[in-house]
Amino acid sequence: MDNQVPPRKEKEEAAQAVELGTFLWHIHPTPTHHGTCCYNPGQLIFFKYESQERISVCCSTKNPVYNWSTEIQGIMLSSIFYGLLISQIPAGYLSGIYSLKKMVGSALFLSSLFTLLIPLAAEFGEALVIICRVIQGLFQGMALTTQQVVWIKWAPPLEQVRLTSLSLSGLLLGPCVVLLITGFICDSLGWPMVFYIFGACGCALSLLWFVLFYEDPKDHPCISKSEKECITSTLAQQVSSSAPSLPIKAVLKSPPLWVISLCNFAFFWANSFLSLYTPMFINSKFHINVKENGLLSSLPHLFAWIFAILAGHMADVFLSRNILSLLTIRKLFTLLGLLLPALFSLCLLYLSSSFHGTMIFLILANATGSFCMGGILINVLDIAPRYYGFLKGFTNVIGLTGGLVASTVTGVILSQDQDSPWLKIFFMMVANNVISLIFYLIFAKAEIQDWAKETQNTYL
(Lines of atoms letter the chains of each structure in order from A and count residues from 1; the text may use other names and numbers.)
(Lines give C-alpha, C1' and ligand atoms only; values in the text may rest on other atoms or scores of the structure.)
Protein backbone atom coordinates (compact mmCIF):
# COMPACT_ATOMS: atom_id res chain seq x y z
CA MET A 1 0.00 0.00 0.00
CA ASP A 2 1.07 3.57 -0.61
CA ASN A 3 2.99 5.16 2.26
CA GLN A 4 0.50 8.02 2.53
CA VAL A 5 -2.24 5.67 3.68
CA PRO A 6 -2.06 3.81 7.01
CA PRO A 7 -2.51 0.03 6.79
CA ARG A 8 -5.56 0.00 9.02
CA LYS A 9 -7.31 2.59 6.87
CA GLU A 10 -6.84 0.36 3.85
CA LYS A 11 -8.44 -2.49 5.78
CA GLU A 12 -11.47 -0.35 6.60
CA GLU A 13 -11.80 0.73 2.98
CA ALA A 14 -11.49 -2.89 1.89
CA ALA A 15 -14.32 -3.72 4.29
CA GLN A 16 -16.45 -1.10 2.56
CA ALA A 17 -15.49 -2.64 -0.78
CA VAL A 18 -16.48 -6.08 0.40
CA GLU A 19 -19.84 -4.75 1.58
CA LEU A 20 -20.43 -3.26 -1.87
CA GLY A 21 -19.18 -6.42 -3.51
CA THR A 22 -21.46 -8.53 -1.35
CA PHE A 23 -24.39 -6.37 -2.34
CA LEU A 24 -23.61 -6.79 -6.03
CA TRP A 25 -22.87 -10.47 -5.47
CA HIS A 26 -26.61 -10.89 -4.92
CA ILE A 27 -27.95 -11.36 -8.42
CA HIS A 28 -31.19 -12.63 -9.82
CA PRO A 29 -31.55 -16.08 -11.39
CA THR A 30 -32.62 -16.35 -14.98
CA PRO A 31 -33.16 -19.09 -17.51
CA THR A 32 -31.38 -20.11 -20.64
CA HIS A 33 -33.24 -21.29 -23.70
CA HIS A 34 -32.57 -24.91 -22.82
CA GLY A 35 -34.40 -25.48 -19.57
CA THR A 36 -31.84 -24.44 -16.97
CA CYS A 37 -31.60 -21.28 -14.95
CA CYS A 38 -28.62 -18.97 -15.15
CA TYR A 39 -27.82 -15.34 -14.52
CA ASN A 40 -27.79 -12.50 -16.94
CA PRO A 41 -29.01 -8.92 -16.69
CA GLY A 42 -31.75 -9.31 -19.25
CA GLN A 43 -33.47 -12.59 -18.43
CA LEU A 44 -35.55 -13.73 -15.47
CA ILE A 45 -38.16 -16.36 -16.19
CA PHE A 46 -38.06 -20.10 -16.74
CA PHE A 47 -38.64 -21.47 -20.23
CA LYS A 48 -38.42 -25.01 -21.52
CA TYR A 49 -38.50 -25.34 -25.28
CA GLU A 50 -40.02 -28.25 -27.14
CA SER A 51 -40.04 -26.34 -30.42
CA GLN A 52 -38.83 -23.00 -31.69
CA GLU A 53 -42.31 -21.58 -32.00
CA ARG A 54 -44.24 -22.68 -28.91
CA ILE A 55 -43.64 -23.83 -25.37
CA SER A 56 -45.22 -27.00 -24.12
CA VAL A 57 -47.69 -26.98 -21.25
CA CYS A 58 -46.53 -28.87 -18.19
CA CYS A 59 -48.75 -29.85 -15.27
CA SER A 60 -45.88 -30.37 -12.82
CA THR A 61 -46.18 -28.19 -9.74
CA LYS A 62 -42.44 -28.49 -9.27
CA ASN A 63 -41.49 -27.15 -12.69
CA PRO A 64 -44.51 -25.46 -14.29
CA VAL A 65 -44.08 -24.45 -17.93
CA TYR A 66 -46.16 -21.80 -19.66
CA ASN A 67 -47.51 -21.63 -23.18
CA TRP A 68 -45.99 -18.29 -24.19
CA SER A 69 -45.01 -17.38 -27.74
CA THR A 70 -41.45 -16.48 -28.68
CA GLU A 71 -42.54 -12.84 -29.13
CA ILE A 72 -43.81 -12.67 -25.55
CA GLN A 73 -40.64 -14.35 -24.34
CA GLY A 74 -38.55 -11.74 -26.12
CA ILE A 75 -40.46 -8.93 -24.41
CA MET A 76 -40.01 -10.61 -21.02
CA LEU A 77 -36.31 -11.17 -21.50
CA SER A 78 -35.65 -7.56 -22.47
CA SER A 79 -38.15 -5.85 -20.15
CA ILE A 80 -35.64 -5.36 -17.33
CA PHE A 81 -33.48 -3.21 -19.62
CA TYR A 82 -36.25 -0.64 -19.95
CA GLY A 83 -36.40 -0.20 -16.20
CA LEU A 84 -32.61 0.00 -16.04
CA LEU A 85 -32.50 2.65 -18.75
CA ILE A 86 -35.24 4.78 -17.22
CA SER A 87 -33.69 4.86 -13.75
CA GLN A 88 -30.03 5.55 -14.53
CA ILE A 89 -29.94 9.33 -14.93
CA PRO A 90 -32.55 10.13 -12.23
CA ALA A 91 -30.71 7.83 -9.81
CA GLY A 92 -27.41 9.51 -10.60
CA TYR A 93 -28.92 12.94 -10.01
CA LEU A 94 -30.68 11.95 -6.78
CA SER A 95 -27.51 10.32 -5.44
CA GLY A 96 -26.09 13.82 -4.96
CA ILE A 97 -29.10 14.89 -2.90
CA TYR A 98 -30.35 11.97 -0.82
CA SER A 99 -28.72 9.38 1.43
CA LEU A 100 -26.80 6.74 -0.51
CA LYS A 101 -27.29 4.28 2.33
CA LYS A 102 -31.06 4.53 2.08
CA MET A 103 -31.15 4.58 -1.72
CA VAL A 104 -28.96 1.51 -2.26
CA GLY A 105 -30.42 -0.50 0.61
CA SER A 106 -34.02 0.23 -0.40
CA ALA A 107 -33.31 -0.53 -4.05
CA LEU A 108 -31.75 -3.88 -3.17
CA PHE A 109 -34.64 -4.83 -0.88
CA LEU A 110 -37.37 -3.90 -3.35
CA SER A 111 -35.61 -5.57 -6.27
CA SER A 112 -35.28 -8.74 -4.20
CA LEU A 113 -38.93 -8.52 -3.18
CA PHE A 114 -40.02 -8.50 -6.81
CA THR A 115 -37.73 -11.47 -7.44
CA LEU A 116 -39.81 -13.38 -4.89
CA LEU A 117 -42.97 -12.40 -6.75
CA ILE A 118 -41.92 -13.67 -10.20
CA PRO A 119 -43.25 -17.26 -9.84
CA LEU A 120 -46.57 -15.96 -8.50
CA ALA A 121 -46.77 -13.37 -11.29
CA ALA A 122 -46.23 -16.12 -13.87
CA GLU A 123 -49.38 -17.87 -12.59
CA PHE A 124 -51.45 -14.78 -13.40
CA GLY A 125 -50.07 -14.27 -16.90
CA GLU A 126 -47.29 -12.77 -18.92
CA ALA A 127 -48.37 -9.13 -18.47
CA LEU A 128 -47.75 -9.25 -14.72
CA VAL A 129 -44.33 -10.86 -15.24
CA ILE A 130 -43.35 -8.07 -17.63
CA ILE A 131 -44.51 -5.42 -15.14
CA CYS A 132 -42.48 -7.06 -12.36
CA ARG A 133 -39.42 -7.16 -14.59
CA VAL A 134 -39.66 -3.48 -15.50
CA ILE A 135 -40.01 -2.54 -11.83
CA GLN A 136 -37.04 -4.74 -10.99
CA GLY A 137 -35.04 -2.91 -13.63
CA LEU A 138 -35.94 0.43 -12.06
CA PHE A 139 -34.61 -0.59 -8.65
CA GLN A 140 -31.58 -2.45 -10.00
CA GLY A 141 -30.68 0.58 -12.10
CA MET A 142 -30.92 2.78 -9.02
CA ALA A 143 -28.62 0.47 -7.07
CA LEU A 144 -26.16 0.04 -9.94
CA THR A 145 -25.58 3.77 -10.27
CA THR A 146 -25.82 5.03 -6.69
CA GLN A 147 -23.56 2.40 -5.12
CA GLN A 148 -20.66 3.61 -7.27
CA VAL A 149 -21.01 7.17 -5.94
CA VAL A 150 -19.91 5.87 -2.53
CA TRP A 151 -16.28 5.99 -3.64
CA ILE A 152 -16.32 9.77 -4.01
CA LYS A 153 -16.03 9.91 -0.22
CA TRP A 154 -14.25 6.64 0.43
CA ALA A 155 -11.60 6.01 -2.25
CA PRO A 156 -8.38 8.11 -2.29
CA PRO A 157 -7.06 8.72 -5.83
CA LEU A 158 -4.28 6.14 -5.50
CA GLU A 159 -6.77 3.44 -4.51
CA GLN A 160 -9.84 4.30 -6.56
CA VAL A 161 -9.51 1.61 -9.20
CA ARG A 162 -8.62 -1.09 -6.69
CA LEU A 163 -11.67 -0.41 -4.54
CA THR A 164 -14.18 0.21 -7.31
CA SER A 165 -13.08 -2.88 -9.21
CA LEU A 166 -13.36 -4.94 -6.02
CA SER A 167 -16.91 -3.75 -5.41
CA LEU A 168 -18.01 -4.09 -9.05
CA SER A 169 -16.44 -7.53 -9.28
CA GLY A 170 -19.56 -8.82 -7.57
CA LEU A 171 -21.35 -8.30 -10.89
CA LEU A 172 -18.96 -10.85 -12.37
CA LEU A 173 -18.86 -13.31 -9.50
CA GLY A 174 -22.65 -13.46 -9.29
CA PRO A 175 -23.20 -15.08 -12.70
CA CYS A 176 -20.48 -17.63 -11.92
CA VAL A 177 -22.16 -18.76 -8.71
CA VAL A 178 -25.67 -18.79 -10.16
CA LEU A 179 -24.64 -20.75 -13.24
CA LEU A 180 -23.05 -23.32 -10.94
CA ILE A 181 -25.99 -23.94 -8.64
CA THR A 182 -29.26 -23.07 -10.38
CA GLY A 183 -29.21 -26.12 -12.63
CA PHE A 184 -29.07 -28.34 -9.54
CA ILE A 185 -31.79 -26.32 -7.79
CA CYS A 186 -34.09 -26.58 -10.81
CA ASP A 187 -33.56 -30.33 -11.02
CA SER A 188 -34.02 -31.05 -7.32
CA LEU A 189 -36.44 -28.39 -6.08
CA GLY A 190 -37.94 -26.84 -9.20
CA TRP A 191 -37.26 -23.54 -10.89
CA PRO A 192 -39.54 -21.40 -8.65
CA MET A 193 -37.24 -22.18 -5.72
CA VAL A 194 -34.40 -20.39 -7.53
CA PHE A 195 -36.35 -17.15 -7.30
CA TYR A 196 -37.38 -17.75 -3.70
CA ILE A 197 -33.83 -18.57 -2.57
CA PHE A 198 -32.11 -15.64 -4.25
CA GLY A 199 -34.93 -13.23 -3.46
CA ALA A 200 -34.68 -14.15 0.23
CA CYS A 201 -30.88 -13.77 0.13
CA GLY A 202 -31.27 -10.32 -1.37
CA CYS A 203 -33.68 -9.21 1.34
CA ALA A 204 -31.27 -10.46 4.01
CA LEU A 205 -28.34 -8.66 2.37
CA SER A 206 -30.28 -5.42 2.27
CA LEU A 207 -30.65 -5.61 6.05
CA LEU A 208 -26.91 -6.19 6.41
CA TRP A 209 -26.30 -3.18 4.17
CA PHE A 210 -28.30 -0.92 6.48
CA VAL A 211 -26.44 -2.22 9.55
CA LEU A 212 -22.85 -2.37 8.25
CA PHE A 213 -22.53 0.38 5.67
CA TYR A 214 -21.44 3.97 6.40
CA GLU A 215 -21.53 6.42 3.53
CA ASP A 216 -19.04 8.86 5.07
CA PRO A 217 -15.70 7.98 6.76
CA LYS A 218 -16.32 10.49 9.54
CA ASP A 219 -19.36 8.48 10.68
CA HIS A 220 -17.60 5.11 10.84
CA PRO A 221 -17.19 3.97 14.47
CA CYS A 222 -14.11 1.82 13.82
CA ILE A 223 -11.90 4.44 12.17
CA SER A 224 -9.53 6.59 14.19
CA LYS A 225 -9.41 10.35 13.88
CA SER A 226 -6.07 10.28 12.07
CA GLU A 227 -7.37 7.76 9.56
CA LYS A 228 -10.47 9.84 8.89
CA GLU A 229 -8.30 12.90 8.29
CA CYS A 230 -6.09 10.89 5.93
CA ILE A 231 -9.07 9.88 3.82
CA THR A 232 -10.84 13.24 3.77
CA SER A 233 -7.68 15.24 3.05
CA THR A 234 -6.90 13.23 -0.08
CA LEU A 235 -10.47 13.64 -1.33
CA ALA A 236 -10.88 17.34 -0.61
CA GLN A 237 -10.87 18.29 -4.29
CA GLN A 238 -13.60 15.89 -5.37
CA VAL A 239 -16.06 16.20 -2.46
CA SER A 240 -18.29 19.24 -2.82
CA SER A 241 -19.87 20.88 0.21
CA SER A 242 -23.13 21.48 -1.66
CA ALA A 243 -24.94 19.94 -4.58
CA PRO A 244 -23.46 21.68 -7.65
CA SER A 245 -25.48 22.82 -10.64
CA LEU A 246 -24.76 20.86 -13.79
CA PRO A 247 -23.32 22.80 -16.79
CA ILE A 248 -25.43 21.00 -19.40
CA LYS A 249 -23.98 22.69 -22.49
CA ALA A 250 -20.39 22.04 -21.45
CA VAL A 251 -21.22 18.41 -20.66
CA LEU A 252 -22.82 17.80 -24.03
CA LYS A 253 -19.85 19.38 -25.81
CA SER A 254 -17.25 17.31 -23.93
CA PRO A 255 -15.40 14.88 -26.27
CA PRO A 256 -13.88 12.89 -23.35
CA LEU A 257 -17.34 12.16 -21.97
CA TRP A 258 -18.68 11.07 -25.36
CA VAL A 259 -15.80 8.68 -26.06
CA ILE A 260 -16.28 7.15 -22.61
CA SER A 261 -19.96 6.70 -23.48
CA LEU A 262 -19.11 5.18 -26.85
CA CYS A 263 -16.76 2.68 -25.25
CA ASN A 264 -19.40 1.87 -22.64
CA PHE A 265 -21.75 1.04 -25.52
CA ALA A 266 -19.17 -1.37 -26.96
CA PHE A 267 -18.28 -2.86 -23.56
CA PHE A 268 -21.90 -3.56 -22.58
CA TRP A 269 -22.60 -4.91 -26.07
CA ALA A 270 -19.77 -7.44 -25.78
CA ASN A 271 -20.45 -8.26 -22.14
CA SER A 272 -24.19 -8.78 -22.68
CA PHE A 273 -23.65 -10.95 -25.73
CA LEU A 274 -21.02 -13.13 -24.05
CA SER A 275 -23.09 -13.43 -20.86
CA LEU A 276 -26.45 -14.17 -22.49
CA TYR A 277 -25.33 -16.44 -25.28
CA THR A 278 -22.35 -18.36 -23.86
CA PRO A 279 -24.58 -21.30 -22.79
CA MET A 280 -26.27 -21.35 -26.19
CA PHE A 281 -22.94 -21.21 -28.04
CA ILE A 282 -21.53 -24.09 -25.99
CA ASN A 283 -24.68 -26.13 -26.51
CA SER A 284 -24.75 -25.47 -30.27
CA LYS A 285 -21.17 -26.70 -30.67
CA PHE A 286 -20.98 -29.58 -28.21
CA HIS A 287 -24.59 -30.46 -27.26
CA ILE A 288 -23.74 -30.63 -23.57
CA ASN A 289 -26.40 -31.41 -20.97
CA VAL A 290 -27.87 -28.88 -18.57
CA LYS A 291 -25.61 -29.44 -15.55
CA GLU A 292 -22.39 -29.59 -17.56
CA ASN A 293 -23.45 -26.50 -19.50
CA GLY A 294 -23.96 -24.60 -16.24
CA LEU A 295 -20.54 -25.63 -14.97
CA LEU A 296 -18.79 -24.71 -18.20
CA SER A 297 -20.69 -21.44 -18.63
CA SER A 298 -19.62 -20.33 -15.15
CA LEU A 299 -15.89 -20.52 -15.91
CA PRO A 300 -15.71 -17.34 -18.06
CA HIS A 301 -17.42 -15.36 -15.29
CA LEU A 302 -15.07 -16.76 -12.66
CA PHE A 303 -12.00 -15.69 -14.60
CA ALA A 304 -13.59 -12.32 -15.42
CA TRP A 305 -13.99 -11.75 -11.67
CA ILE A 306 -10.33 -12.63 -11.07
CA PHE A 307 -9.16 -10.39 -13.91
CA ALA A 308 -11.26 -7.48 -12.60
CA ILE A 309 -9.58 -7.57 -9.20
CA LEU A 310 -6.14 -7.91 -10.80
CA ALA A 311 -6.85 -4.99 -13.14
CA GLY A 312 -7.75 -2.75 -10.21
CA HIS A 313 -4.57 -3.58 -8.33
CA MET A 314 -2.37 -3.21 -11.41
CA ALA A 315 -3.80 0.20 -12.31
CA ASP A 316 -3.27 1.56 -8.80
CA VAL A 317 0.28 0.15 -8.64
CA PHE A 318 1.16 1.88 -11.92
CA LEU A 319 -0.22 5.15 -10.58
CA SER A 320 1.17 5.03 -7.01
CA ARG A 321 4.68 4.17 -8.22
CA ASN A 322 4.58 6.76 -11.02
CA ILE A 323 5.25 4.08 -13.62
CA LEU A 324 2.66 5.54 -16.00
CA SER A 325 0.61 8.72 -16.12
CA LEU A 326 -3.08 8.54 -15.26
CA LEU A 327 -4.14 9.12 -18.88
CA THR A 328 -1.78 6.39 -20.12
CA ILE A 329 -3.18 3.98 -17.54
CA ARG A 330 -6.76 4.65 -18.61
CA LYS A 331 -5.90 4.21 -22.29
CA LEU A 332 -3.84 1.08 -21.64
CA PHE A 333 -6.54 -0.72 -19.67
CA THR A 334 -9.27 0.34 -22.08
CA LEU A 335 -7.17 -0.95 -24.97
CA LEU A 336 -6.70 -4.28 -23.20
CA GLY A 337 -10.36 -4.47 -22.21
CA LEU A 338 -11.71 -3.85 -25.70
CA LEU A 339 -9.03 -5.21 -28.03
CA LEU A 340 -8.21 -8.51 -26.31
CA PRO A 341 -11.84 -9.74 -26.26
CA ALA A 342 -12.05 -8.90 -29.96
CA LEU A 343 -8.87 -10.84 -30.73
CA PHE A 344 -9.89 -13.88 -28.67
CA SER A 345 -13.33 -13.84 -30.30
CA LEU A 346 -11.68 -14.13 -33.70
CA CYS A 347 -9.54 -16.96 -32.35
CA LEU A 348 -12.73 -18.59 -31.11
CA LEU A 349 -14.09 -18.60 -34.65
CA TYR A 350 -11.00 -19.66 -36.58
CA LEU A 351 -8.61 -21.44 -34.19
CA SER A 352 -10.90 -23.39 -31.85
CA SER A 353 -11.48 -26.69 -33.59
CA SER A 354 -11.42 -28.70 -30.34
CA PHE A 355 -13.51 -28.52 -27.19
CA HIS A 356 -10.61 -27.41 -25.00
CA GLY A 357 -9.54 -24.74 -27.50
CA THR A 358 -13.08 -23.34 -27.62
CA MET A 359 -13.33 -23.14 -23.84
CA ILE A 360 -9.91 -21.46 -23.50
CA PHE A 361 -10.70 -18.73 -26.04
CA LEU A 362 -14.22 -18.27 -24.66
CA ILE A 363 -12.85 -17.80 -21.14
CA LEU A 364 -10.20 -15.34 -22.35
CA ALA A 365 -12.72 -13.36 -24.42
CA ASN A 366 -14.91 -12.93 -21.33
CA ALA A 367 -12.16 -12.43 -18.78
CA THR A 368 -10.02 -9.86 -20.58
CA GLY A 369 -12.96 -7.47 -20.89
CA SER A 370 -12.52 -6.89 -17.14
CA PHE A 371 -9.45 -4.77 -17.87
CA CYS A 372 -11.94 -1.98 -18.59
CA MET A 373 -12.30 -1.70 -14.82
CA GLY A 374 -9.04 0.25 -14.88
CA GLY A 375 -10.07 2.28 -17.92
CA ILE A 376 -13.42 3.52 -19.14
CA LEU A 377 -15.45 2.26 -16.17
CA ILE A 378 -13.63 4.61 -13.78
CA ASN A 379 -12.69 7.41 -16.20
CA VAL A 380 -15.75 9.56 -15.43
CA LEU A 381 -14.49 9.96 -11.87
CA ASP A 382 -11.24 11.39 -13.28
CA ILE A 383 -12.79 14.04 -15.48
CA ALA A 384 -15.76 15.15 -13.33
CA PRO A 385 -15.81 13.90 -9.73
CA ARG A 386 -18.30 16.59 -8.67
CA TYR A 387 -20.90 15.23 -11.12
CA TYR A 388 -19.92 11.59 -10.92
CA GLY A 389 -23.34 10.21 -9.99
CA PHE A 390 -25.22 11.95 -12.78
CA LEU A 391 -22.57 11.34 -15.45
CA LYS A 392 -22.15 7.70 -14.43
CA GLY A 393 -25.88 7.31 -14.94
CA PHE A 394 -25.58 9.01 -18.32
CA THR A 395 -22.80 6.71 -19.52
CA ASN A 396 -24.63 3.69 -18.10
CA VAL A 397 -27.70 4.57 -20.17
CA ILE A 398 -25.65 4.51 -23.35
CA GLY A 399 -23.89 1.33 -22.24
CA LEU A 400 -27.12 -0.48 -21.34
CA THR A 401 -28.54 0.58 -24.69
CA GLY A 402 -25.65 -1.31 -26.26
CA GLY A 403 -26.53 -4.36 -24.20
CA LEU A 404 -30.17 -4.15 -25.23
CA VAL A 405 -29.30 -3.74 -28.89
CA ALA A 406 -26.81 -6.62 -28.70
CA SER A 407 -29.33 -9.07 -27.26
CA THR A 408 -31.97 -8.03 -29.78
CA VAL A 409 -29.71 -8.14 -32.83
CA THR A 410 -28.17 -11.45 -31.77
CA GLY A 411 -31.60 -13.01 -31.38
CA VAL A 412 -32.67 -11.80 -34.82
CA ILE A 413 -29.52 -13.11 -36.50
CA LEU A 414 -29.81 -16.51 -34.80
CA SER A 415 -33.44 -16.87 -35.88
CA GLN A 416 -32.94 -15.75 -39.48
CA ASP A 417 -29.47 -16.99 -40.43
CA GLN A 418 -29.09 -20.76 -40.26
CA ASP A 419 -25.75 -20.95 -42.09
CA SER A 420 -23.19 -18.83 -40.23
CA PRO A 421 -24.93 -16.75 -37.54
CA TRP A 422 -22.10 -16.86 -35.00
CA LEU A 423 -19.63 -15.48 -37.55
CA LYS A 424 -21.77 -12.38 -38.11
CA ILE A 425 -22.46 -11.92 -34.41
CA PHE A 426 -18.83 -12.10 -33.36
CA PHE A 427 -17.69 -9.79 -36.18
CA MET A 428 -20.23 -7.16 -35.11
CA MET A 429 -18.84 -7.30 -31.59
CA VAL A 430 -15.26 -7.00 -32.87
CA ALA A 431 -16.14 -4.01 -35.08
CA ASN A 432 -17.85 -2.21 -32.18
CA ASN A 433 -14.87 -2.70 -29.90
CA VAL A 434 -12.24 -1.61 -32.41
CA ILE A 435 -14.08 1.50 -33.64
CA SER A 436 -14.84 2.66 -30.10
CA LEU A 437 -11.27 2.06 -29.02
CA ILE A 438 -9.86 4.20 -31.86
CA PHE A 439 -12.00 7.18 -30.83
CA TYR A 440 -11.07 6.70 -27.17
CA LEU A 441 -7.34 6.66 -27.85
CA ILE A 442 -7.69 9.94 -29.75
CA PHE A 443 -10.02 11.95 -27.50
CA ALA A 444 -9.74 10.50 -23.97
CA LYS A 445 -8.68 12.67 -21.05
CA ALA A 446 -7.91 11.90 -17.41
CA GLU A 447 -7.74 15.33 -15.77
CA ILE A 448 -10.67 17.25 -14.28
CA GLN A 449 -12.34 19.19 -17.06
CA ASP A 450 -12.76 22.97 -16.80
CA TRP A 451 -16.54 22.70 -16.60
CA ALA A 452 -16.25 20.28 -13.68
CA LYS A 453 -13.97 22.38 -11.47
CA GLU A 454 -15.10 24.06 -8.26
CA THR A 455 -14.38 27.52 -9.71
CA GLN A 456 -16.82 27.08 -12.58
CA ASN A 457 -19.44 29.82 -12.32
CA THR A 458 -21.44 29.63 -15.54
CA TYR A 459 -24.29 27.13 -15.33
CA LEU A 460 -27.60 26.55 -16.98
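Every residue, even glycine, has its Cβ placed from backbone N, Cα and C.
All TrEMBL annotations are machine predictions without curation.
Annotation source TrEMBL lists domain 'Major facilitator superfamily (MFS) profile' at 14-448. Marked as transmembrane segment by TrEMBL: 72-91, 163-185, 191-214, 257-282, 302-320, 332-353, 359-381, 393-413, 425-443.
Of the two recorded stretches, the transmembrane segment (257-282) lies close to the transmembrane segment (332-353), with three or more CB pairs under 8 Å once pairs fewer than 6 apart in sequence are set aside.
Outside the transmembrane segment (393-413), and at least 6 residues removed from its termini, the chain residues within Cβ reach (under 8 Å) are 41-42, 74, 77-78, 81, 84-85, 88-93, 141, 144-145, 257, 260-262, 264-273, 276-277, 380, 421, 424-425, 428-429, 432. Taken together, the residues of the domain 'Major facilitator superfamily (MFS) profile' (14-448) have an average pLDDT of 80.
Only residues 6 or more beyond the boundaries of the transmembrane segment (359-381), in the same chain, are considered here, and those with a CB under 8 A from a CB of the stretch are 151-152, 160-161, 164-165, 168-169, 172, 238, 256-257, 260, 263-264, 267, 270-271, 274-275, 278, 281-282, 296, 299-301, 303-308, 311-312, 314-315, 329-338, 340-341, 344-345, 347-348, 351-352, 388, 391-392, 395, 440, 444, 446.
The stretches the transmembrane segment (163-185) and the transmembrane segment (332-353) do not meet in space: the count of Cβ pairs below 8 angstroms, excluding pairs fewer than 6 apart in sequence, stays at fewer than three.
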